[in-house]
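*Asks:* Could you have a look at this structure, given as structure tokens, before my questions?
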């Protein structure tokens, strides 16, 4: 029997009490699982497959964190029995001292040997609370940030609709000539401080807050993207393309990679009192976020300056040229990984603050002064707001201006068709290589075989079947054979062009049918 003041075991607990607790735990779990299932059905109905994959990744991460919590429970006693030298147990303490008034049995056992326990059983239980709070904050903060960004980008729908009006077509008519600095985009970015390499960065830093992603920037970058990849095809819905690409990026933001875990462990390590981390650690995500926003704004300015240097007189409007060299190390996706790190570390700090508040009280050794509490809360909330409302829309637009466009340019139905075609094409190529030594006699003359064969999707595009279709980017070669393909027999179009469908019109048509 348990003595007075000791906790009861299941041997001394009524079975109806145990069954009642288990019933409500299972009921809550099933309810949450049903909600996630309904959310997945809603995304599938709206044909937002990338959000469904992001939801699956959230469930996977929650399962991983739950498994870590289970391991902490199972290894609670074995870890507490590990004894380390007392000198090592008194270093890097978060509160600068050790309280030995409430030692557990394992700690007392190690103390008798002149050593200290590696991690007490109470510490393992508290760590389980931290894992739970971290999982909750990471999911909620990612959804909040993504939702805030999508809310701001909702006005882009009206801008996209404006591109189909006669006024817009007249303003971008290539028969109209004007100086580059007289265009709305030139008036916005061709300022004397932007032409100075020293003053440009402070101007871009302030520009990300004032009028970030203006209508002029959106229309000009849209025009440059379409001219680079679609050859004046104004029917392409750029806004929906960005939304599909951002849905896919959201799956990266909600994930937790290995190197993100390593940085989180570093955060726990530097939380020791001797590092005074409360003075500098909360500002790291904020400074990185401001740096990323400044770089994104600078890319727009640099594209404007590059177009201005190449031509002082423009036809219709300024034509910006997408290129990877505007981005750090020529990698546009590096900005996504930086934002992933910023969001997770900021969520980790807010989760850590909430956990210490719940377990140790509002005034504890983790937050000795009011200034520490204010800095942690204000900076944490500010980072999430700026990331969602300022940096995320800017990132969604600017990162499309790389040298290659992403696979999100195709709708889901087209991507599945391309995958099936690629598998069939590679199979036919293997048969051709093994059956005959010469490709000229076995393959249609319309297919060009240099180092790798290319397949004509429409009158203006060709895709390399040896390149993975499901990668994040796809390079499409613009070719001038519209008239040539129109003269080909219908049988040729059926075998190698999906019956002559147009890539530029496939995406808007499918999305209008699905109600997106």
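The backbone N, Cα and C atoms fix where each Cβ goes, glycine too.
Curation plays no part in TrEMBL annotations; they are all automatic predictions.
Okay, so TrEMBL annotates it like this:
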type	residues	note
TRANSMEM	16-36	transmembrane segment
TRANSMEM	56-75	transmembrane segment
TRANSMEM	127-148	transmembrane segment
TRANSMEM	250-270	transmembrane segment
TRANSMEM	276-293	transmembrane segment
TRANSMEM	334-358	transmembrane segment
TRANSMEM	373-398	transmembrane segment
COMPBIAS	478-496	compositional bias 'Basic and acidic residues'
REGION	478-516	region 'Disordered'
*Asks:* Sequence-remote contacts (6 or more beyond its ends) of the transmembrane segment (276-293), Cβ cut-off under 8 Å?
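*Replies:* Cβ under 8 Å, 6 or more out: 205, 208, 212, 267, 270, 335, 338-339, 341-343, 345-346, 349, 367, 372, 375-376, 379-380, 382-383, 386-387, 390-391, 394-395.
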*Asks:* Using a Cβ cut-off under 8 Å, which residues of the same chain at least 6 positions beyond either end of the transmembrane segment (250-270) come close to it?
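*Replies:* Answer is 50-51, 53-54, 57-58, 61, 64, 92, 138-139, 142, 145-146, 277, 281, 336-337, 339-341, 343-345, 348-349, 352.
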*Asks:* If you count every Cβ pair below 8 Å, which range out of 16-36, 56-75, 334-358, 373-398 shares the most with the transmembrane segment (127-148)?
*Replies:* 334-358
*Asks:* May I ask for the residues of the chain that lie six or more residues beyond the transmembrane segment (16-36) and have a Cβ under 8 Å from a Cβ within it?
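*Replies:* Same-chain residues near the transmembrane segment (16-36) but 6 or more away: 10, 55, 59.
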